[in-house]
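Novice: Take this structure, written in structure tokens, and hold onto it; I'll ask about it next.
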Amino acid sequence: MTSLRDAALAVRENAHAPYSKFKVGAAVRGASGAIYRGCNVENVAYPEGTCAEAGAIAAMVAAGETRLTEVYVVAGSPRPVPCCGGCRQKLAEFGGGDVPVTLATVAGAEEATTIATMLPGAFDADDMV
Ligand code: THU
């Protein structure tokens with residue numbers, strides 16, 4: 001059975017990162033158990049680039065799922081790659097605060113965290129009632 005790490009490492013190979021040269025792979029598990037993958041896709045107009053996490057979330061939503069239960073992100077960074085702020089908010093949209101997130105390096109270092117730890121005090125839908 002494919003692990004989230006294997007899925008994230010494999011999709012990272014497809015990253016389009018000619019500008020930063022920093023390839024990122026993300027894999028999320030939907031509530032159904034299915035795995036969805038995403039890689040960063042950069043653009044010559046730099047702000048138009050998208051993160052790996054955003055790609056994985058888009059794949060999940062396109063497949064008809066809107067809840068995730070597990071997240072894995074990997075890059076060739078010296079420390080387990082931290083999700084950017086925007087991706088923390090994107091993950092919080094589709095996963096509860098207790099959802100486990102593993103941040104990793106290609107070399108094999110891993111850091112276990114959760115969505116709530118990465119984004120304490122997150123703004124959510126309950127704030128708008
Ligand atoms: N990147 C991600 O894909 N995810 C993150 O959470 C951190 C940053 C990408 C965006 C850009 O293509 C490259 O890494 C350098 O910032």
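Just so you know, glycine gets a Cβ as well, placed from its N, Cα and C.
What TrEMBL says about a protein is an automatic prediction, not a curated fact.
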Novice: Among CYS39, CYS51, find me the residue TrEMBL lists at the same Zn(2+) site as CYS84, CYS87.
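Specialist: Matched candidate out of CYS39, CYS51, per TrEMBL for Zn(2+) with CYS84, CYS87: CYS51.
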Novice: For the domain 'CMP/dCMP-type deaminase' (1-126), what's the model's average pLDDT?
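Specialist: A mean pLDDT of 97 is what the predicted model shows over the domain 'CMP/dCMP-type deaminase' (1-126).
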